[in-house]
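Q: Structure in structure tokens, see below.
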């Protein structure tokens, strides 16, 4: 078998669309980023990477470059990735369709095998490869590596029958996270790329929602910032307007009236839990916008939805 090796991208061509910008303006843009570079220097930034940013080629390459830039200016990015569309595609090939309850994928034994293969293999390897091709040093991890994520079977409350629980298969609830694994990589200048798969003490694999893993990882690592990339501008009200700032009380109201539902339930719950645990800055942003990660971290531009604990 002949191994295929992708050619490293030409650094001179990383952002050809910027070629027309005057040098003075480029310098001004960099100068505006300086206060944020100072603010987050040496800090851990947890990034939930998902949605179109993972499937559109231009956005994928842009994300890899953005993560490397954050590392080069002294931040410690930690990437937790999803892969819902890729899992759905793989399930179709074996004649299965995805089913979700309260934003969580119902995961039988066959689906769990697909999830492990897709997330811990194909998707993770693609992210690691791109970051490394652009000059970064990324290392892929699952929950099994170094006992990173210990999990147990999730007991999902049945909202229609109080006191009852819904069995959604091999979906995990995080018991512990071993921060030493991630910190050891950070100390050696690596960028951790984490697949949201946990393992029990007896070796059973569990599918864990990536938003849940990102939020808990931010808490345990004492991250300065948690950024969740998604396929919408942020949290929207029922009229489709962007809510730029949400408190815990406002989030409870949006849960109660059904404004937040489906896949946004675990996302917002995890974001709020992270904010309550001491993560100073929690944002949900539109990953469909090029360089949205840099815009959120390195500029004053109001972007997405900020989640507050009070």
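The backbone N, Cα and C atoms fix where each Cβ goes, glycine too.
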Q: Based on Swiss-Prot, name the residue from 207, 231, 241 that is recorded for the same substrate site as 83, 84, 105.
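A: The candidate from 207, 231, 241 that Swiss-Prot ties to substrate along with 83, 84, 105 is 207.
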Q: In the three-state scheme derived from DSSP, which category covers residue 83 (substrate binding site)?
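A: Once the DSSP labels are grouped into three classes, residue 83 (substrate binding site) ends up as coil.
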Q: Could you check which of the recorded positions 48, 84, 105, 207 is the closest Cα neighbour of residue 267 (site 'Transition state stabilizer')?
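A: Going through 48, 84, 105, 207 one by one, the Cα closest to that of residue 267 (site 'Transition state stabilizer') is 48.
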Q: Counting Cβ atoms within 10 Å across all protein chains shown, which of the binding-site residues 83, 84 comes out on top?
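A: Output for this query is 83.
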Q: DSSP three-state call for residue 267 (site 'Transition state stabilizer'): helix, strand or coil?
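A: In three-state terms, residue 267 (site 'Transition state stabilizer') counts as helix.
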Q: Compute the C-alpha separation of residue 207 (substrate binding site) from residue 48 (site 'Transition state stabilizer'), stating it in Å without decimals.
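A: So the Cα of residue 48 (site 'Transition state stabilizer') lies 16 Å away from that of residue 207 (substrate binding site).
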